[in-house]
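The structure appears below as structure tokens.
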Amino acid sequence: MNITVLGTGYVGLVTATCLAEAGHRLLCFDVDRSKIERLAQGEPCIHEKGLPEMLARNLAAGRLRFTQDEAEAVHHGDVVFIAVGTPPDATGAADLQYVLAAAQAIGQHMRSWKVVVQKSTVPVGTAQRVRAAVLGQLEARREKGDAAAGSALDHVPFAMVANPEFLKEGTAVDDFMRPDRIVVGVEEGPAGERALATLRELYAPFNRQRDRLLAMDLRAAEFTKYAANAMLATRISFMNELANLAERVGVDIEQVRRGIGADPRIGHAFLYPGLGYGGSCFPKDVRALLRTAADHGQRLRILEAVGDVNEAQKQILVAKVLQRFGPDLTGRTFAVWGLSFKPNTDDMREAPSRCVIGALLARGGRVVAYDPVATEQARRALAEDMADRPELLAQLHFADDPMQAASGADALLVLTEWRVFRSLSLSALKATLRQPLIFDGRNLYEPSIRSEGFDYLAIGR
Ligand code: UDX
């Protein structure tokens, strides 16, 4: 099948590469020309397991191509995916300007029947706005005497589909190749049925052993994505609050986690307390759903609390540091292990490390940080955060390895649970730190580490 992907960010690039891997013919467009140039050379702009090899393989096979010509891109696909960004605007709502611009481009350039698939996360009702934007351009073309647009409008020129993506950074390729569900929202009527048949065929290679495709209406598909992320964010904030209470009452939250996770209605996944959720999805989607609710005159009180608890949780480790060292951290050096919002990615968007490091520096502390892959992204993100406090930035240093970061530090803060930190020699760590003090924001270690002479503070343990 000929498929176009507009937008080559996380979702667009992974979608395109995996669809090419399944044998489809992909053409991708992005407004960022330098990105297109890099991708055409086989250089992915994101750190994602398995992606570079798959990208190279499909480029070489000619199944995956990148273009700077939007008209060419739109012509190519029988199916056109919109996978552009939907960043939050000043009110917390999803900013749809890029989505609507992509829709307009489709309307400007299409010459034949298309299935237009909304892939990026968008509020309920957006598919209808995309449909109106495409139609608006077709009508403008007809008024100018464009015969192709005129005859397209005499029939049904395209179908709208809402097909949200559920991939997780770090396992995005795997998630796409082996989805637990494929949500496809279509319109009622023959155009919707035709589009559903097309999407079934498109996803057939990923949908073999059992049918994982869930067909529903457009609005339900859009809502499903927000509902999923809101539910998962709720689990995390709920566990974080329980962890904080567990600490007060002298209970180990990890034992409780195992105890409740064994109930299949609860399950083990996504119950890990920590420094709060970050990344490009949960914080943004929680805010956007609250905005949608407010626009419809309803409060989502649980979700409001989820966001508030998460903001507070990002500071929980800093509070422990201040309890130990007092409010003034001048003259203290802190080693930080892990910067990305979670392991196996270099993504620094809404990473709790940004709040923690910012707070330590603001109190006069010096920070030496290490991350296996996110150092460059972190350098940029923190420089942005502290653009108006350059004197603080001067107290932030990056190390080339974890032990170098720990060397001579007054304490170690673990902010991301990279696997590599688990296998380091604890005796070497103890000898390297100025004092054997660990603030573990991800419960990477067991409290038994205390028997090895470490002063160990974790989350809910
Ligand atoms: C998430 C959703 O999982 C995915 O379905 C959606 O498409 C995009 O958003 P992602 O942002 O890649 O994916 O990260 P995820 O692995 O879900 O973790 C999100 C955050 O929650 C991270 O900051 C992580 O550290 C935190 N988390 C996760 C916890 O604090 N505890 C947990 O038990 C699980």
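Cβ coordinates are placed from backbone N, Cα and C, and glycine is handled just like the others.
Taken from TrEMBL as is:
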{"type": "BINDING", "residues": "ASP30, LYS35, THR86, THR121, GLU169, LYS284, ARG349", "note": "NAD(+) binding site"}
{"type": "BINDING", "residues": "PHE166, LEU167, LYS168, GLU169, LYS225, PHE270, LEU271, TYR272, PRO273, GLY274, GLY278, LYS342", "note": "substrate binding site"}
{"type": "ACT_SITE", "residues": "CYS281", "note": "active site, nucleophile"}
{"type": "DOMAIN", "residues": "335-447", "note": "domain 'UDP-glucose/GDP-mannose dehydrogenase C-terminal'"}
What is the Cβ neighbour count of ARG349 (NAD(+) binding site) at a 10 Å cut-off, with all protein chains included? 18
Please check the binding-site residues PHE166, LYS168, LYS225 against ligand 1 and give me the ones with CB under 6 A, sequence order. PHE166, LYS168
Rounded to whole angstrom, what's the largest C-alpha distance between any two of PHE166, LEU167, LYS168, GLU169, LYS225, PHE270, LEU271, TYR272, PRO273, GLY274, GLY278, LYS342, listed as binding substrate? 24
Of the binding-site residues LYS225, PRO273, GLY278, which sits closest to THR121 (NAD(+) binding site) by Cα distance? LYS225
Lowest local Cβ density among LEU271, CYS281, which the record lists as recorded positions, within 10 Å: LEU271
Cα-nearest neighbour of LYS168 (substrate binding site) within the listed binding-site residues, LYS35, THR86, ARG349: ARG349
Quick check: of the binding-site residues listed here (LYS225, LEU271, GLY278), which one has the Cα closest to that of GLU169 (NAD(+) binding site)? GLY278
In sequence order, which residues at least six apart in the same chain have a CB under 8 Å from the CB of LYS225 (substrate binding site)? THR121, PRO164, GLU165, PHE166, VAL183, ASP285
Restricting to the same chain and to sequence separations of six or more, state which residues have a Cβ under 8 Å from that of LYS35 (NAD(+) binding site). THR8, CYS45
